[in-house]
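Asks: These came from TrEMBL, pasted as-is:
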- 1-19: signal peptide (SIGNAL)
- 612-876: domain 'G-protein coupled receptors family 3 profile' (DOMAIN)
- 612-637: transmembrane segment (TRANSMEM)
- 649-670: transmembrane segment (TRANSMEM)
- 682-704: transmembrane segment (TRANSMEM)
- 725-744: transmembrane segment (TRANSMEM)
- 770-792: transmembrane segment (TRANSMEM)
- 804-826: transmembrane segment (TRANSMEM)
- 832-854: transmembrane segment (TRANSMEM)
- 912-932: region 'Disordered' (REGION)
- 919-932: compositional bias 'Polar residues' (COMPBIAS)
- 949-979: region 'Disordered' (REGION)
Amino acid sequence: MALYCCCLILLAFTWHTSAYGPDQRAQKKGDIILGGLFPIHFGVAAKDQDLKSRPESVECIRYNFRGFRWLQAMIFAIEEINSSPALLPNMTLGYRIFDTCNTVSKALEATLSFVAQNKIDSLNLDEFCNCSQHIPSTIAVVGATGSGISTAVANLLGLFYIPQVSYASSSRLLSNKNQFKSFLRTIPNDEHQATAMADIIEYFRWNWVGTIAADDDYGRPGIEKFREEAEERDICIDFSELISQYSDEEEIQQVVEVIQNSTAKVIVVFSSGPDLEPLIKEIVRRNITGRIWLASEAWASSSLIAMPEYFHVVGGTIGFGLKAGQIPGFREFLQKVHPRKSAHNGFAKEFWEETFNCHLQEGAKGPLPMDTFLRGQEEGGGRISNSSTVFRPLCTGDENISSVETPYMDYTHLRISYNVYLAVYSIAHALQDIYTCLPGRGLFTNGSCADIKKVEAWQVLKHLRHLNFTNNMGEQVTFDECGDLVGNYSIINWHLSPEDGSIVFKEVGYYNVYAKKGERLFINEKKILWSGFSREVPFSNCSRVCLEGTRKGIIEGKPTCCFECVKCPDGEYSDEIDASACDKCPDDFWSSENHTSCIAKEIEFLSWTEPFGIALTLFAVLGIFLTAFVLGVFIKFRNTPIVKATNRELSYLLLFSLLCCFSSSLFFIGEPQDWTCRLRQPAFGISFVLCISCILVKTNRVLLVFEAKIPTSFHRKWWGLNLQFLLVFLCTFVQIVICVIWLYTAPPSSYRNHELEDEIIFITCHEGSLMALGFLIGYTCLLAAICFFFAFKSRKLPENFNEAKFITFSMLIFFIVWISFIPAYASTYGKFVSAVEVIAILAASFGLLACIFFNKVYIILFKPSRNTIEEVRCSTAAHAFKPQQQPRCKQVIFGSGTVTFSLSFDEPQKSAAAHRNSSHQNSLESQKSNDTLTRHQALLPLQCGEPDSELTAQETGLQGPVGGDRQPEAEDPEEMSPALVVSNSRSFVISGGGSTVTENILHS
């Protein structure tokens, strides 16, 4: 049974080998064999397999010079290792390299060769057959190129844990170690490349792009990662298309139509050169220019696309290139290639024919004669195909490889070639670790080591995962947990060479994946030529740039990148173009007129320097001056009857309170501070309460005196100054208590109000508690109402005692002012709140000052004749009579030490009968008038009984002459009090100091 299985496997292997033939591989024996997969051709010929006969292997077409150079890099590295005494001494590396033809089917065909050989070795059939031609199993594979091909190969090799080190497969899907257990690579994965593409687009402020991707495991994951990065950067994708080198013409034309009709000028392409070539050809045919191509590393330097005839379409392409490496001696090795000298390289013959467009006869040793069978020319590519039959000259074998310009000899930037070189050396260093392993320090069970002579693929994979060595450029090489080798990218720009017209790849920047985010990308814009000739950065945005002072506004139904420019609202600004949102200005700032910056807000309060503040200050100072003037007048004329009759001491206190009222208004002017805010309302409230309390006590006292009976000593005691001041203090103390409670519980403070007006900061006082302010003003108004009541009730009393009508009028002014103040205070804001209160204080203060004192000052200064005791007593006496009998002073004579005081009463002439009928009534009225006058008599000594206020006959010298005789002056002050006696015979006598005046009422 074992023998039967052996035969089956050998048959399969024999068929597999014959399918490839000697010319379809590069092979060399060695102690350890490395496998290789390279795209020597770009594709396979389309062939309809109708299955009428045995299917034949498809033919590879379109020669890839770069692929052959990569193959040469692997052979060069193996030969260099074999000749090195330090690396794997006494060991020889061999190789088996196959052409993948850039297709999965061919790659899997070659991979089966590796797997079958390993399976034969695992059966240990040496005892059953003679294996003299036995080739050792492949312990590692270098390749493949495309990510899609590597995905298929990795799935197969992973079943047998054969390590696969790719030099060009960058798909991020291959980092999944659960699926691809044995895959490693010397190229960075596309995750960094997609991020770098998005960073470039963001760098040039593009936000409207199109994407094209190869429909394979390389293009789809790469463009998906790019979409994720673009979304994070607010980059919109106008279109997204998938392509393939096997797409039919109709599909290609549909993609071209999308590109032509799109407004996106930047196109991101994740594809290989062969997959992109059909699309570029159609774009060139339609002459669609003005596009900026952003190329992934798979086609950024592809010889299929970077052709001079395509430059007007793809010129200025920005692409990613792998970091170039240096391979000493590789240039000379490339130049030594020759079909007759490369016995182990079955691809050299076709390379020579394709390079010199000639035909080499098989088996010939020297120059060959002309042959009619020549290789075909590649369709559309100018290169020879194995399937076409056109005439070719025979190759002489003496051709000079350096005389022909092909991608094979382009060794200026060795990127993929160096990755191949590095992959071979990675496997060699893993084998070196096995070779030098010491028992007890190995990676396997109990620290054991693998046997280098019987090494197996899975053991090499183990050492590759723990690999760490320094390459020829002095860089540390190690694979991460995903089997990836992190590296940087060079950013290249496609220029047209002025020397030979070929396309050159100019390095214009780099992308450092090790740097922190935001500092990874560097671009030298001065080196970039857009579309091959322009220095101006192209525009690829859905909408035009929004200038400073505006922001991007969303347009309904369109992507976020399509927007309209909206001016920033007041209070916000934007100082950059294409701002997504406007920034708010700080609290103390406001946006400028063009909304590009913030300027400091205007600070506003009731200032001393503004006209309104100056006017209010002048009025307050005027009030203080007038009040001080009135106080000075009252002090100077303190002993005159007018001053004495108005209760002199209370008048002083009243004037002092008015001074405080006027002064308190000044606390409302100027920049509010915490201390001024806490002082101004209490100062205003206490000052007004003190003022109104004085008026209230003064008015109430006189009213009580005039309504009382004959004053007694009890009245004199409690109606004195002490009681008056006590009442004033008690009324004021209540207001003080309100203010203290207010300041303790919710003290006012200065407040910067930003909400009233956008461009102005109002510095005002925050009252702390509006309820407390209401109590303060309410209590003041309550006292004013009581005062108004008493003033109104005493409006008919003598003017010299209570000025009732003036006080009533002043209280009316007070109420009008403060009733008007409430709605005005509530409806104003900012500095006008303080102005309204100042106006109310000044108006009420001026009303009180003018109504109560201006009339008296006028009499004192301009009517001194009315500032006499006779006028005072005349007014008092007149109050004792009814309106129908108004007294009238007839004569006032000032003599030396005596005053003659006469009263007469005008009475209309009536008939004698009428006089007799009314005599009884007059007698009753005279009796009533007698009582009233007696109270007035009592008032005068009481009112003037205090020091410096006593009004006596001694002071006035009041005498009543009778018959022209003069009476002696009285000596006793008690006898100086005047007495008013009214007789029943309609005559009365005013006696003063023992003198009398008698006047009979005359009848007509």
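Including glycine, each Cβ sits where the backbone N, Cα and C put it.
In TrEMBL, annotation is done automatically, which means it is predicted and not curated.
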Asks: Are the transmembrane segment (682-704) and the transmembrane segment (612-637) close, by which I mean at least 3 Cβ pairs under 8 Å that are 6+ residues apart in sequence?
Replies: no
Asks: Where else in the chain does the transmembrane segment (770-792) make close Cβ contacts, counting only residues six or more beyond its ends and a cut-off under 8 Å?
Replies: 681-682, 685, 688-689, 692-693, 695-696, 699-700, 703, 731, 734-735, 738-739, 741-742, 745-746, 802, 804, 807-808, 811-812, 814-815, 818
Asks: Which sequence positions outside the transmembrane segment (612-637), separated from its termini by at least 6 residues, show Cβ-Cβ distances below 8 Å to it?
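Replies: Sequence-distant neighbours of the transmembrane segment (612-637): 606, 643, 648, 651-652, 655-656, 658-659, 661-663, 665-666, 669-670, 835, 838-839, 842, 845-846, 849, 853-854, 857, 860-861, 867.
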Asks: Which residues of the same chain, at least 6 past either end of the transmembrane segment (649-670), have a Cβ under 8 Å from a Cβ in it?
Replies: 605-608, 613, 616-617, 620, 623-624, 627-628, 630-631, 634-635, 643, 676, 679-680, 683-684, 686-688, 690-691, 694-695, 697-698, 721, 724-725, 728, 834-835, 837-838, 841-842, 844-845, 848-849, 852-853, 946
